[in-house]
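The domain 'HAMP' annotation in Swiss-Prot covers 186-238 and rests on sequence analysis. Residues annotated as domain 'Histidine kinase' in Swiss-Prot: 246-459. Sequence annotations record features per position, and here Swiss-Prot assigns phosphohistidine to His249. Sequence annotations record features per position, and here Swiss-Prot assigns region 'Disordered' to 455-477. The transmembrane segment annotation in Swiss-Prot covers 13-33, 161-181.
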Amino acid sequence: MSRAAVPSVRRRLLVNLLVGFVLCWLSVAALTYHLSLKQVNRLFDDDMVDFGEAALRLLDLATEDQAGEDGSITEIIERSREAIQGLPLLRRESALGYALWRDGQPLLSSLNLPPEITAQGPGFSTVEAQGTHWRVLQLNIDGFQIWISENLIYRQHTMNLLLFYSLFPLLLALPLLGGLVWFGVARGLAPLREVQAEVQQRSARHLQPIAVEAVPLEIRGLIDELNLLLERLRTALEAERRLTSDAAHEIRTPLASLRTHAQVALRSEDPKAHARGLLQVSRSVERISTLMEQILLLARLDGDALLEQFHPVNLATLAEDVLSELARQAIDKDIELSLHQETVYVMGIDLWLKAMVGNLVGNALRYTPAGGQVEIRVENRAQHAVLRVRDNGPGVALEEQQAIFTRFYRSPATSSGEGSGLGLPIVKRIVELHFGSIGLGKGLEGKGLEVQVFLPKTQPDATRPPARGPDSGRSHI
């Protein structure tokens, strides 16, 4: 894409402001022209009225002067002509023309009055003569009529001069305004360039928030969202580095055990010892496989949940399916496994919720001794679906209850060497992604451990995930 085709805030602001200035200038010019023309026409019309009234008064005076004498109409006309010609209004570039009538007979007229001009009646009218328009005024008094005409070209010329002297300074100011607009836009967008320069200097290891103290209010929201994104990236990268480091450390032990058992099996000449070695190799491989599966699951859970994949899930049915898969493990250890469920729906993803229930029940079966009990309850509360997994095993000491949600943590009192230390961290993350909370308590008969999961319940036909509440993802210990 060419540079000119790339959207530019600066270019858009400049164009909008400059076009706005030009449109405002044209609007002011048009309004000024209209108002000035109206005012000028009124002033010129008033001049024509004053001229006509003055001419009629002079004619009346000339008639009175000759009334007591034996004067002819010709003398009256000549005296009137001399008086009218002396009026100031006739000295302005011969703009006005006039004609004097008495009882329908012409008495005198000016040389600049076209013969084809005729008044349309008393008052003002506009007529066309000699290819131009004329303003004509007819006044009547005592049998006399006077026509005063004015070529509108003179008015237009006067109007053009007035408009030129009024608007030309504004026209000269347009380039200055354009320069000020350009400077103002460039200065106003300077914070964007500063933010751009700061972001360009960032590396993959430098994900600290951008300072917002000097950021204008208009882009502070953008910077806040960018800082949130940087924080999420920093958290994700730290979690990935921590997971990689912890996984490398945790997988070293089962790999060493696998190597040892394989070497023993290879060196042993006793068939029974050889078989025992291969069995240990198989168990080590299974443990490594389980560990890797949980590491991969936890890595996927470190990303945000895809809310568009959420749908109503029957938690009671899901728990029943999980228990049917783990029944053999309970039978092998002679553990009484029971389920008490109420139908309740939660909004979520089946596979993740199944992994959550499976990890909780699997942990209970793993750490409960032979002949023990594991109880699962699914309860339908007013606003929540509650999952309870209780056992009568050794439990977890109070000072360790917060630590068991840490990745790869295994309690010294309960560790059998089989767990990966990822089960409860996976459960907690799944609960957080489903807008729920998790807590710990006493198990069956006042001993062992109870894990409580609270999830927002929904309707079977719901289509939207629940809103995140204030306690979402919080552990209640």
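Each Cβ is built from the backbone N, Cα and C atoms, and glycine gets one as well.
On a predicted model such as this, the values are computed, not experimentally measured, just so you know.
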Which bits of the chain, at least 6 residues beyond where the transmembrane segment (13-33) starts or stops, bring a Cβ under 8 A of a Cβ in it? 159, 163, 166-167, 170-171, 174, 177-178, 181-182, 185, 188-189
As a quick check of your reading of DSSP, tell me how many residues in the domain 'HAMP' (186-238) are helical, how many are strand and how many are coil. 36 helix, 0 strand, 17 coil
The mean pLDDT across the domain 'HAMP' (186-238) is 77
